[in-house]
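K.L.:
Feature list, courtesy of TrEMBL:
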type	residues	note
DOMAIN	85-378	domain 'Sugar phosphate transporter'
REGION	1-48	region 'Disordered'
TRANSMEM	79-102	transmembrane segment
TRANSMEM	122-146	transmembrane segment
TRANSMEM	158-175	transmembrane segment
TRANSMEM	187-206	transmembrane segment
TRANSMEM	213-229	transmembrane segment
TRANSMEM	241-260	transmembrane segment
TRANSMEM	272-291	transmembrane segment
TRANSMEM	311-331	transmembrane segment
Amino acid sequence: MGRGRRGWHGAGARGREQEVVSRGRGPGRGAASAALGGAGGRPVRSRRAPLKRSRILHMALMGASDPTVEAEASEEKPFLLRAVQIALVVSLYWVTSISMVFLNKYLLNSPSLRLDTPIFVTFYQCLVTTLLCKGLSALAACCPGAVDFPSLRLDFRVARSILPLSVVFIGMITFNNLCLKYVGVAFYNVGRSLTTVFNVLLSYLLLKQTTSFYALLACGIIIGGFWLGVDQEGAEGTLSWTGTVFGVLASLCVSLNAIYTKKVLPAVDGSIWRLTFYNNVNACVLFLPLLLLLGELQTLRSFSQLGSAHFWGMMTLGGLFGFAIGYVTGLQIKFTSPLTHNVSGTAKACAQTVLAVLYYEDTKSFLWWTSNMMVLGGSSAYTWVRGWEMKKVQEEPSPKEEEKSGVGV
């Protein structure tokens, strides 16, 4: 939908893809263990202070990773090689994410398919992700040199500790798919554009942390673009209030998912793939009563294409894309940065909107396009402001450092 944020969304159009998780994957190594200091020039061992709970929540909300980890020096690759790698990874992310959205739209609301079972579609994608995780884990055990994947063993105590996150995760992927079912792909990005606003709101409610004026201004632009988009969809007669409400709920769940993911990662030894596995296992179990209560199993039983290989092939492909988006999201963050990932996601959303308008041959007004540009521009501005603020904080010496620098021989 990342410290790299990698696939905690195992299904659906995983939020913003934000995800963040989203959806950092892959903990980095610590800072240098020793440095010269003191009058005698003796090596002094430095230790990283443990992260406080408030710091963990701040990192989840703001998409920042531990600056002491990010500051570690690494070997520089040749510029051309790094540029090619980044271009390939970003392209892979774009293709995977956009393809997943269009495929899910087909499965959820295609006139030719006529399948009204959004919960079953989401359940099946979670099932595919679970089986893929287990399969890759078994393959890694058989071929340790060829496949790098953590061992997975279902522990009911761990599954129970992950349950609160799984409930939020289910809300995120379900509301994402329900939003996509009721709104067009062109409006999908605007309908789910309030994640940044919820990040700011939750950072204040949970951390009592205020936000700078420029960041709030960017959020105001996003909100203005959202309401203008809703107004223009209504003016064109294509507005779905149901889909819009689901989009707002999806945005809220994306923000909550980032927070709870940071909190429960220690339960799975910091492995995002183990977390993905347990999340989707819990989701499969929790979806079953929903399928019965909503009558989707009976609807599925009377579905005319239930025995079609094409139908099940498209369903399985949707599950594969749902699994892949988590991997490519983390990959993009690994080769760039969380902030660059956000910028790439914003640009991808713009391309996705244009492709949707062209593919479905829609005619949109100038104000409708303005609403999209406001949402995309506000999101980009917020990303830039947060990046500038974090860089400024890292560059400013702390009071203790200033006191030490003032003491000389």
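Every residue, even glycine, has its Cβ placed from backbone N, Cα and C.
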K.L.:
Among the recorded stretches 158-175, 241-260, 272-291, which has the greatest number of Cβ pairs closer than 8 Å to the transmembrane segment (187-206)?
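P.N.:
Ranked by Cβ pairs under 8 Å, first place goes to 241-260.
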K.L.:
I need to check the long-range neighbours of the transmembrane segment (79-102): which residues 6 or more away from its ends have a CB within less than 8 Å of a CB in the stretch?
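P.N.:
Hits for the transmembrane segment (79-102): 13, 17, 180, 185, 188, 318, 321-322, 324-325, 328-329, 331-332, 335-336, 344-345, 348, 351-352, 355-356, 359.
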K.L.:
The transmembrane segment (311-331) and the transmembrane segment (241-260): do they have three or more Cβ pairs under 8 Å, with pairs 6 or more apart in sequence?
P.N.:
no
K.L.:
Taking residues 6+ outside the transmembrane segment (213-229), which of them lie with a CB under 8 Å of any CB in it?
P.N.:
187, 190-191, 193-194, 196-197, 200, 367-368, 370-379, 381-382, 385-386, 389
K.L.:
For the domain 'Sugar phosphate transporter' (85-378), what's the model's average pLDDT?
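P.N.:
That region's mean pLDDT is 91.
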